[in-house]
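Listed in TrEMBL for this protein:
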TRANSMEM  21-38  transmembrane segment
TRANSMEM  91-114  transmembrane segment
TRANSMEM  121-138  transmembrane segment
TRANSMEM  150-169  transmembrane segment
TRANSMEM  181-205  transmembrane segment
TRANSMEM  211-233  transmembrane segment
TRANSMEM  245-271  transmembrane segment
TRANSMEM  283-301  transmembrane segment
TRANSMEM  308-327  transmembrane segment
TRANSMEM  347-364  transmembrane segment
TRANSMEM  373-395  transmembrane segment
Amino acid sequence: MILKIKNFLVSYKDLSLKPKYLLLVFVLACFLIIIRRMDLVFNAQFWAEDGTIWFAEIYNLGWWPTIFTPEAGYLQTISRLVGLMAQFLPLVYAPLFFNLAAVAIKALPVVYLFSNRWQKIIPNFWFKIIVALVYLFLPNTAEVHANITNAQWFLALLSLMILLGEVPVKKYLKVLDASILGIACISGPFSAFLLPIIFLAWFWLPQKRNVLNVIVVGLAGLVQVFFILAVGFSARSHMALGATFWLFVKIFSGQIVLGSLIGKVGFAYLYNRWLVWENWLGITIYLSAFVVGVVVISLTLWKAKKEVKLIVLFGLIVLLFSLLKPMASVTIPQWQVMVMPGAAGRYWLFPMLAFVFSLLYLVTQSQWPKIKILAVMVCVFWLWGLKVEGIYPAWPDLKFKENVKIFEQVPVGTEMKFKTMPESWYGMVLNKK
């Protein structure tokens, strides 16, 4: 029996799924995303900008004046497009459409991971499964989970995978790649982060050069630079960073290392119990986590294959820009806010992925037994993070469906405010038409 299991595992270790099975991967990935917080389907409600900006602005002002309007200093096209498409549905189903669109976007990198385009980067089928599960169940990601406002981060991940994957032979796949890159790069500021990766890949990985992709990312980057220079700096928070090296240590240790392993819940427990007081134990925890993170990432940058190095490097580039120009607070120096559990969670997605991917690399590929053992010991903490944050609690019921029924009965021209998540948000205002 054991021999049969071993033969089964070995026979499928280098498997690359055929295209007809990738749809099944997509459906399964969507299912796993949904079960993390099932109310996003069964009691769909708007998240922050999803309702107040992407849906409400098009509903109230029309699509033409708003579709290419920058937000937070740059174009966020995918969010506007989803808001436009939602106008064709009954209002009561609009949040569900937003949520399902966000789920689909988050699932796409998993599909790409299992395609033959990434077969040479991660040839082992079982390792792909582990990477996919860690990605789908990564702790400390509640803020970016299944909402269109933060779907831009997952489009950026998909763009990175396209740029590092094998160049397709068929023309329609090349056009599809370029289209995804184009939409992704005018849906967030990520073209600026991708350009250094493209530059290094051009020289490191000559077999993956794709002029069309470079042109698309470059042109989209120029468009975003125009908007950033025109309105971006005025649209960002002008609160001082309050940056110090010790605050950087706390951010890196808490939000990225501890956050990716034990989640916001675990980090919050340590923070409230010891870290906030910065006694000897709190300082020891911070420094230990910082050393672990730096060593894990440094070893990966030193020893890993070039594609893996570029993935980790992209996470570090995102971290750098997130720390230099964040939107974390308008009243308190920003780094002082960013050390707190749950603060600015969107900024930590890529650095956390870089860290956990490095950790998985050391567990599976490291030639140093002691390093591999230590990496496995660190990975054990992730199981605790999975326990406390594998499933997110349902949102409070803000009575969206009931309010829609009331809205349908009010006279044309009446303004009505709908509550959105988080509850502290100022809500969505619609003008009845």
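Residue numbering: from 1, along the chain as shown.
Even glycines carry a Cβ here, placed using N, Cα and C.
Predicted, not measured: the structure shown is a model, and the values here were computed from it.
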Sequence gap of 6 or more, Cβ distance under 8 Å, 3 or more pairs: do the transmembrane segment (308-327) and the transmembrane segment (91-114) meet that?
no
Could you give the residue numbers and ranges of same-chain residues that sit at least 6 residues beyond the transmembrane segment (245-271) on either side and whose C-beta is under 8 angstroms from one of its C-beta atoms?
138-140, 142, 285-287, 289-290, 292-293, 319, 323, 335-336, 338-345, 347-348, 351-352, 355-356, 378, 381-382, 384-385, 388-389
Looking at the transmembrane segment (21-38) and the transmembrane segment (121-138), are there 3+ C-beta pairs under 8 A, with each pair at least 6 apart in sequence?
yes
Given a Cβ distance threshold of under 8 angstroms, which distant residues of the chain, six or more beyond its ends, lie next to the transmembrane segment (211-233)?
70, 72-75, 159, 162-163, 174, 177-178, 181-182, 185-186, 189, 191-192, 194-195, 198, 202
Using a Cβ cut-off under 8 Å, which residues of the same chain at least 6 positions beyond either end of the transmembrane segment (150-169) come close to it?
76, 78-79, 82, 101-102, 105-106, 108-109, 112-113, 115-121, 143-144, 177, 180-181, 183-185, 187-188, 190, 193-194, 197-198, 201, 205, 207-210, 213, 217, 307, 310-311, 314, 346, 349-350, 353
Should anything in the same chain at least six residues away from the transmembrane segment (181-205) have a Cβ under 8 Å from its Cβ atoms, list it; otherwise answer none.
73-79, 151-153, 155-156, 158-160, 162-164, 213-214, 216-218, 220-221, 223-225, 228, 306-307, 310, 313-314, 317-318, 321
